[in-house]
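Asks: Would you mind keeping the following structure in view while I ask a few things?
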Amino acid sequence: QRRVYRTTTHVPQELGQIMDSETFEKSRLYQLDKSTFSFWSGLYSEVEGTMILLCGGIPFLWNLSGHISDRAGFGPEYEIVHSLVFLLLATLFSAVTGLPWSLYNTFVIEEKHGFNQQTLGFFFKDAIKKFIVTQCILLPVTSLLLYIIKIGGDYFFIYAWLFTLVVSLVLVTIYADYIAPLFDKFIPLPEGELKQQIETMAKSIDFPLTKVYVVEGSKRSSHSNAYFYGFFKNKRIVLFDTLLEDYSALNKEPTEEEDGENEETKSKTKNKKQGCKNEEVLAVLGHELGHWKLGHTVKNIIISQVS
């Protein structure tokens, strides 16, 4: 794949009518940089994991967790507390060692290719918030899982599997309504031609659409996407504001209130209008709804649970 990125310097004939050479070249160079980054970050991850195993990093962290829980008044009989301290330290270590890679990806690669919209302050605030929210979910779930393992007897793995299945389904259900809004602003897509076209397309394949939201993704990146979520007859569609010409903050003049706050974001906004025409938005969304129509989501859940 990397060889393809390096050697394919002209627009393939099949794309000649729909992509200009400038856009193709930008895409090629971006993918080449991402490929290089992926190789080195992946290599680092393998080396780090190997060194942790060879140098006894996991037993060291387990013993350190024991000392911390002992000093907090929780003796050896409090195995779950000991395990939670271990998990907290392990995720903290992972977050710290992964931070330089994340910073480089955001402020070097994404910045170089014009996608990054974050300030350094926003980046760290977001990272801290993500870590706290993750711990608020991970620690209680893990403590319950460990308790089930302790009392489950010979068939503990069956009960543990059922528990993780329920947790997975609950998290998928509540993520977009309760967790994602902690990080991004969601607003209903206003009435208009696009909303009507989306509803018509959903109806044509019997997709049980109830709401369409626009999420403010432009404060992080100018990348765009769309997804759907929800179970049974209660499906919602989410469009990134960067996908839509009419709603993207990247295409709007800042108000006086925002003017002082978003100097860096404003300076990164290009003169060229960003986003897709309605037909292009429907094409992106059609891809996502195709996954639903072909049952890919349900099939993936079944395959992962069987595995």
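Placement of Cβ uses the backbone N, Cα and C atoms for every residue, glycine included.
No curator has checked TrEMBL annotations; they are predicted automatically.
From TrEMBL, for reference:
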type: DOMAIN; residues: 1-185; note: domain 'CAAX prenyl protease 1 N-terminal'
type: TRANSMEM; residues: 80-104; note: transmembrane segment
type: TRANSMEM; residues: 131-149; note: transmembrane segment
type: TRANSMEM; residues: 155-176; note: transmembrane segment
type: DOMAIN; residues: 188-306; note: domain 'Peptidase M48'
type: REGION; residues: 251-273; note: region 'Disordered'
type: BINDING; residues: HIS287, HIS291; note: Zn(2+) binding site
Asks: Could you tell me which of these binding-site residues, HIS287, HIS291, has the fewest other Cβ atoms within 10 Å of its Cβ?
Replies: HIS287
Asks: Do any residues of this chain, six or more beyond the ends of the transmembrane segment (155-176), have a C-beta under 8 angstroms from a C-beta of it, and if so which?
Replies: 137, 141, 144-145, 148-149, 186, 229-231, 236, 238, 301, 305
